[in-house]
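In TrEMBL this protein carries:
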DOMAIN    127-342  domain 'Radical SAM core'
BINDING   Cys141, Cys145, Cys148  [4Fe-4S] cluster binding site
Amino acid sequence: MPLAPGDRPLLASKARLVRDRASGREILLYPERGLALNPVAAAVAARLDGARTVAEIAAEIAASFASTPPDAVERDVIAFLEELAARGLLEDRRAAVAGGDAAARGAPATQGPAPALEGGAAADAASHRPYTLIAELTYRCPLRCPYCSNPMELEGAAGELSTETWCRVFAEAAALGVMQLHLTGGEPLARRDLEALVRAARGAGLYTNLITSGVPLARERLAALRAAGLDNVQLSVQDADPERADRIAGYAAFDHKLAVAAWVKAEGLPLTVNVVLHRENIDHVPAIVALAERLGADRLELANTQYLGWALANRDALLPTRDQLERAFAVASAARERLLGRMEMVFVTPDYYAALPRACMDGWARRYLHIAPDGLVLPCHAAHTIPGLRFESVRDRPLAWIWREAPSMNRFRGDAWMAEPCRGCDRREADFGGCRCQAYHLTGDAAATDPACSLSPAHGIVEEARLRAAAARAAQPRYLHRGAPR
């Protein structure tokens with residue numbers, strides 16, 4: 001339903017308006033995302049208190065930007081608010097009297113104040129500095145998922161960073177420009193100091209996302225994490241069916257996960273449900289969407305398996321067929337339209353069925369920092385598997401030096417390292433040649449064009465894997481579960 005001048009918009013509790021230390025601009029942070037706002041949009045966002053009407057907000061903005069006609073300002077304000085509503089960033093509060101002049105809901109003004117979201121609706125909070133820190137607090141985890149992104153040679157708790165070191169790293173990350181923090185693992189709940197880490201992250205001004213299986217988590221601990229400043233919970237679910245979910249996870253966790261989801265909502269925290277898709281569960285996307293709706297999820301992430309590490313070892317059992325993928329995508333697309341503004345839908349397409357490679361991590365060391373439990377700073381979780389690269393540790397160097405100066409972080413930045421066909425490709429600044437780790441594990445050369453690209457000389461490797469998936473029998477797959485002897 002479109003917004004009207006008499007509505008009283010309220011910014012969703014999951015959104016936080018902050019000033020970016022790096023650029024000085026106002027940023028609207030929300031689960032795993034951020035929008036860079038120009039001064040007009042920032043002024044609007046600051047007034048979304050549920051008391052002012054749209055018309056009152058527009059009048060206040062018009063008084064500050066007197067060179068623009070009030071009706072044009074109101075159209076801009078409404079257009080921006082409807083963009084926020086589509087992202088689920090407004091609470092569902094409306095004035096008793098709905099309606100209003102249809103002309104007031106026209107296109108944003110093309111003169112006067114700049115568009116609310118510079119660069120378009122998908123403008124991001126940063127492009128040339130680290131925006132997200134992925135903090136792998138531990139590799140300990142009770143689950144044994146066959147697509148786990150952790151290393152195949154797992155380390156115990158003895159080598160993990162201390163509480164004090166992580167707290168220092170969070171402060172250094174914030175000073176470097178990081179705004180989003182993912183606390184992940186392994187299972188981050190295995191850290192007894194998690195509350196202290198969340199408190200330190202909040203104190204550093206980071207938007208803190210807990211990436212968890214929900215095991216083990218008690219209601220009391222969730223409340224303590226909320227009190228410490230936790231912003232968002234991403235909960236993994238393996239399938240909509242309890243038996244299948246527990247078999248994939250290698251651990252009976254489904255019922256507890258549902259309880260955790262209910263606690264998250266009861267605590268007033270936003271909930272992201274993350275489901276890794278593969279051959280065995282991709283046909284269940286309709287049921288998975290329905291489950292996420294029942295749980296009251298704010299966001300559903302359907303992430304097709306990325307075939308590295310454990311997932312690569314299980315690729316023949318995990319890779320779906322093209323028909324399966326297309327059916328799932330159609331279901332997700334329909335759900336995205338139906339649930340617009342209520343539940344964000346994210347569908348991550350697998351590399352193996354794309355004609356062009358994805359911009360892995362938005363490029364090597366461009367926007368993401370990944371810190372392993374032992375303190376190694378990586379551009380992505382699997383980069384340590386590429387031989388010949390020496391990654392620096394936060395135990396030995398300041399984070400800013402590592403980000404800017406470390407040879408390993410600069411190895412695949414820019415395009416000087418590229419060979420053909422990447423060097424002459426007009427997409428080289430869009431996909432950056434694809435995934436460096438995938439290139440290495442499939443071809444033995446980390447500087448090669450990602451074989452997921454149809455232009456890669458090694459694309460036949462991916463085509464062969466697709467053919468095997470299409471020919472696979474319908475029998476229940478046999479997995480090499482995380483932690484199993486190889």
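Glycine is treated like the rest: Cβ placed from N, Cα and C.
Annotations in TrEMBL come from automatic prediction, not curation.
Since we're looking at a predicted model, the values are computed, not measured.
Mean pLDDT for the domain 'Radical SAM core' (127-342) in the predicted structure: 95. Counting only residues at least six positions away in the same chain, the Cβ atoms of Cys141, Gly309, Trp310, Ala311, Arg482 sit under 8 Å from the Cβ of Cys148 ([4Fe-4S] cluster binding site).
Taking the centroid of the Cβ atoms of Cys141, Cys145, Cys148 as the [4Fe-4S] cluster site, the other same-chain residues with Cβ within 8 Å of it are Leu143, Arg144, Tyr147, Ser149, Asn150, Gly186, Ser213, Ala249, Trp310, Arg482.
Proximity of Cys145 ([4Fe-4S] cluster binding site) to non-local residues of its own chain (separation of 6 or more, Cβ distance below 8 Å) is seen for Gln238, Ile248, Ala249, Gly250, Val276, Trp310, His481, Arg482, given in sequence order. Residue density at Cys141 ([4Fe-4S] cluster binding site): 23 other Cβ atoms are found within 10 A of its Cβ, drawing on all protein chains shown.
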